[in-house]
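Below is one structure, written out as structure tokens; the observations come after it.
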Amino acid sequence: MATIVLGAQWGDEGKGKIVDVLSEDIQLCCRAQGGHNAGHTIVKGGTTFDVHILPSGVLTEGCVSLIGSGCVVYVPGFFKELNMLETHGIATQDRILLSDRCHVDLDLHTKVDGLEEVELGQGSIGTTGKGIGPTYSTKATRSGVRVADIFNKEYFDEKVRHLADGFKKRYGDLLSYDVEEELKRFDDYRERLKPFVVDQVPLIESAVKGNVRMLVEGANALMLDIDNGTYPYVTSSNTGLGGIFTGLHLSPRKVKEVIGVVKAYTTRVGGGPFPSEQLNEFGERLQSVGKEFGVTTGRKRRCGWLDLVLVKFSHTINWYDCFNLTKLDILDDFDEVKVATEYRYKGEKLASFPADLHVLDNMEVIYQTFPGWKSKTVGLKKYEELPVNARKYIDFIEEFTGVKCKYIGTGPGRETTITNPGSWLAHHIHFFTLTTDRSQHHFIAGPVGHMSTMTQTLTEDDLYRTCSQYRLWSFSPTTLAALRSKTHSLALHRATTTSHIPAEKCLTETEELLLITRYCDQLRTTAAHFSFPINVKATAVQYLRRFYLSNSCLTYPPKDIYKSVLWLASKTEGMHYPLGDFARKIATDRDVILAPEYKVMQALRFTLDVRQPYRGLKGALMEMVNLAEGVVRDGEVRSGDGRGARELQDGICGLQGLQDGALSTWRRQGSKSGALEAKEVGDRINAAYAAARNVLDRPALLTDVWFLYTPSQMTFAALYLADAPLTDFYLGTKLPMDSEARPKILAVIHSCAELLASFDEKTIISKEQRAELEEKLEGCRDPATRDLVKAHLAAKLGSDDDEEEKKAKKKEAREKHKKEGDDFFGPSLPAKG
């Protein structure tokens with residue numbers, strides 16, 4: 001899986017530093033686009049390294065660096081950087097690779113770059129003058145040269161001469177360029193370059209298949225993107241997330257995390273719009289204190305306040321999982337710090353970052369002012385050590401953008417990076433760490449993949465985003481429906497075209513779902529027959545539901561699959577039931593269970609983890625009981641408004657109004673004041689727990705809630721259905737009533753609760769209806785998968801033959817070893833010929 005680091009502003013945000021930090025545990029570090037116009041400064045061991053084309057991972061021992069096919073390469077600059085590394089004792093051979101599909105940035109392109117800027121006059125873009133634009137231009141017009149071409153001298157020379165002739169016709173004597181001199185230099189480069197050049201496609205394929213830890217370093221930044229930036233004041237490549245996928249041949253499904261790098265203020269090199277630019281003492285001070293000079297050109301960078309409208313726009317394009325906020329220390333001595341929060345044009349608020357340059361030049365920028373922290377942050381190691389006003393500044397960034405600042409830079413060295421243990425939500429919501437397992441916590445406050453909260457040590461975002469359930473099995477209602485529809489359509493197409501079965505005689509998509517749901521309920525019953533705990537039952541149901549996202553009943557009827565998934569779930573959850581006993585208990589044959597197992601594993605993508613809400617529910621129960629009994633130490637659990645343990649105990653014992661429905665048998669039997677005794681409150685909590693557990697049994701397992709919500713969201717939704725006043729009180733211990741997060745969190749809980757409450761027993765078809773659907777299915781199922789057991793036995797027979805041969809060879813080897821070991825003089829000497 002790949003971690004991707006992208007610039008969120010106009011470049012020079014400090015991407016190289018975080019890449020260097022993260023590459024400590026990385027095996028492959030990649031660049032996917034751009035050229036030597038992108039400069040990275042890395043400080044390591046007191047030595048400053050300025051790299052332009054090489055990935056920042058070159059400084060990490062054991063890490064291989066790849067320049068991907070989306071890049072353009074200036075070969076003299078490539079060797080210059082190699083020499084720089086070797087001068088400092090850093091090995092380059094077999095550690096730095098160059099894709100043979102990269103386009104070559106020639107001196108010709110550099111000359112043309114300068115002439116194009118002259119042509120534009122006052123409208124010049126202010127490029128780095130490194131030939132990047134012309135190189136990408138010749139790539140687009142299919143007249144460029146690639147690294148692979150270099151090794152065919154005749155072809156390479158011809159292409160370069162042809163390219164030079166074309167530019168000569170355009171610029172005449174203005175183009176001072178000797179093509180033969182450049183070709184002669186490439187005669188020297190040709191052999192030196194060979195050891196570094198690779199075919200990137202199989203390399204990335206093998207890295208993905210081998211689960212190699214990859215780090216991808218974006219060049220430039222989103223606001224310089226050719227499509228999404230401040231065009232035409234942009235670079236010539238796609239600098240956003242899309243450019244990574246095309247320039248590296250990396251699948252979007254193989255991404256673990258996207259990190260957006262945001263400087264604590266804003267800078268830009270060259271021309272173009274800059275809404276928050278400060279052409280005053282503040283801008284000069286930022287430039288001076290921040291040492292804002294371009295790594296590549298040495299030019300002064302234009303400076304201004306942090307522009308969150310721009311950063312939020314960048315996030316909507318790249319969908320960052322977290323931010324790396326850099327150079328916070330530069331603001332240490334400012335009396336006040338401003339942040340751009342709104343654009344207005346002709347009195348109207350703009351909804352987003354505008355594309356129209358005229359609007360950008362004439363709009364009004366609205367700022368929010370924060371008091372400075374007037375305290376040094378350089379060298380601080382922990383987030384809690386940051387000054388209060390600095391933390392408030394970070395909180396606002398997170399709240400405005402909806403993205404947490406996971407990493408915070410307070411200096412140039414790699415050791416000056418703070419890992420933030422919390423986010424703006426975490427400061428408002430310290431959701432429970434489970435009493436039964438302190439390493440677990442379960443809450444995402446929003447639709448899957450949006451806002452996330454964390455405990456004081458680990459974040460739900462960190463944990464849940466890395467698990468297979470989030471990456472592979474979390475959907476929106478729309479994508480889930482589309483996936484099912486596609487699966488059914490493919491199977492239906494096979495049935496009607498290959499087997500020539502009329503479509504009306506095949507199961508419909510709705511009928512398929514009814515049959516699957518019926519077998520999910522059958523799994524619950526069968527699991528109870530084995531006395532399996534609820535976690536085995538839930539895992540089996542999820543395996544079956546996941547299987548039928550990529551497979552149709554028309555291909556694999558549920559009656560052939562459901563026994564196998566229950567057996568697999570029992571093993572996954574540690575219920576080691578002998579296969580023979582398992583088969584006999586449900587009156588079937590061992591091979592019926594084993595036959596589809598590999599196909600099931602394939603459909604599950606060999607990821608067997610199922611995150612469940614039951615442990616979270618148990619943790620909530622135990623914490624509420626502790627609150628009611630007053631055994632929680634004061635200060636250990638506090639409400640959002642600061643109430644201590646005693647006040648919380650009084651609050652939970654004074655609860656009024658039980659909702660009708662799930663706990664309609666509850667009756668208040670407390671004192672005349674209406675307050676309950678601790679024991680009575682405990683009874684109420686236990687009753688709520690039992691009702692919530694029932695909700696998480698049938699309704700949760702027989703609806704799509706597991707695909708649409710996180711386990712913790714299901715926990716709170718089930719509690720809400722069981723006892724809304726109690727759940728509201730419990731949430732109140734975590735959330736201040738005036739928190740902006742509270743309505744968002746409650747909205748998600750209510751949405752999940754509505755789905756659970758919508759479950760209708762009538763949607764579970766009867767045995768007779770199931771028989772009718774299965775009879776219909778028999779007439780349209782795929783003949784190739786009609787007898788899974790037969791295919792399984794055939795494969796098994798072949799493997800048994802191989803096994804017998806292996807056993808015979810092992811026996812022969814053992815006997816030979818014994819014979820030679822018993823002979824004092826060792827084995828016989830070979831006879832003389």
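Cβ coordinates are placed from backbone N, Cα and C, and glycine is handled just like the others.
Unlike curated entries, TrEMBL annotations are predicted automatically.
Annotated in TrEMBL:
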| type | residues | note |
| --- | --- | --- |
| BINDING | 11-17, 39-41, R301, 327-329, 409-411 | GTP binding site |
| ACT_SITE | D12 | active site, proton acceptor |
| BINDING | D12, G39 | Mg(2+) binding site |
| ACT_SITE | H40 | active site, proton donor |
| ACT_SITE | K139 | active site |
| BINDING | V295, T296, T297, G298, R299, K300, R301 | substrate binding site |
| DOMAIN | 521-609 | domain 'Cyclin-like' |
Open item on the list: Roughly how many Å lie between the Cα atoms of K300 (substrate binding site) and D12 (active site, proton acceptor), rounded to a whole value?
Closed with: 12
- [ ] For T410 (GTP binding site), write down the residues of its own chain that are at least 6 apart in sequence and whose Cβ falls under 8 Å from its Cβ; none is a fine answer.
- [x] L328, D329, T377, V378, G379, L380, T416, T417, I418
Open item on the list: Spatial neighbours of D12 (active site, proton acceptor) among the recorded positions K139, R299, R301, defined as Cα within 10 A: which are they?
Closed with: R301
- [ ] Could you round the CA separation between G14 (GTP binding site) and R301 (substrate binding site) to a whole angstrom and send it over?
- [x] 14
Open item on the list: I need the most crowded of these binding-site residues: G11, G14. Count other C-beta atoms within 10 angstroms of each C-beta and give me the top one.
Closed with: G11
TODO: Spatially speaking, which of the recorded positions G11, K17, K139 is closest to R301 (substrate binding site)? Use C-alpha to C-alpha, please.
DONE: G11
Task: Local confidence of the prediction over the domain 'Cyclin-like' (521-609), expressed as mean pLDDT - done: 91
Open item on the list: Give me the CA-CA distance between K17 (GTP binding site) and R299 (substrate binding site), in Å, as a whole number.
Closed with: 21
Open item on the list: Give me the DSSP three-state residue breakdown of the domain 'Cyclin-like' (521-609), ordered helix, strand, coil.
Closed with: 60 helix, 0 strand, 29 coil
Task: Distance, R299 (substrate binding site) to K139 (active site) (CA atoms, angstrom) - done: 28
Open item on the list: Tell me which of the recorded positions K17, K139, K300 sits in the most Cβ-dense spot, judged by other Cβ atoms within 10 Å.
Closed with: K17
